[in-house]
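Here the structure is laid out as structure tokens; the discussion comes afterwards.
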Amino acid sequence: MDYTISEFGKVFLFLLFGVVFVIGGYVSSRMLRPHRPNDEKLTSYECGEEAVGSAWVQFNIRFYVVALIFIIFDVEVLFLFPWATVFKQLGGFALFEAVIFVTILTLGLVYAWVKGDLDWVRPTPNVPKMPEKRFDNISSGRSQVVKEESVS
């Protein structure tokens, strides 16, 4: 009977030792460190300055859109590297599939560009200014048209 470790067994042992090493380090540091919490230790550190305001800040949605577009194209590169290494063995069909893949992603980029998601400074719409008197009539339920009084 052969008791040698297969290739997957070596990977499993490597992962097992890695997990045991990390958990062992965490547990031993929890057991050996002094535990003396105070208010100064619980405050946030901002380059030696006192913290001003709340740490919870709402970011503009444009940051997230740009980050998602970056991640999509970063993953595209991850898929194209293995394809490029075996391109000669796969032939023309692989080239056709890669062209379709890149075309679909390019169409997505063009869509985001046309939609304006890549424009950092978006143009503001030109909204006509209406007198507040008209809003009062709309919210009160009266649908009569109120004539504007001219100011001389």
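In case you wondered, yes, glycine gets a Cβ from its N, Cα and C as well.
Values in this document were obtained by computation on a predicted structure and should not be read as measured data.
Per Swiss-Prot, the feature transmembrane segment maps to 8-28, 63-83, 90-110; the stated evidence is sequence analysis.
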Outside the transmembrane segment (90-110), six or more residues from its ends: residues with CB under 8 Å to it: 69, 72-73, 76, 79-80, 83
Long-range neighbours of the transmembrane segment (63-83), counting only residues six or more past its ends (CB under 8 A): 90, 94, 98, 101-102, 105, 108-109, 112, 117-118
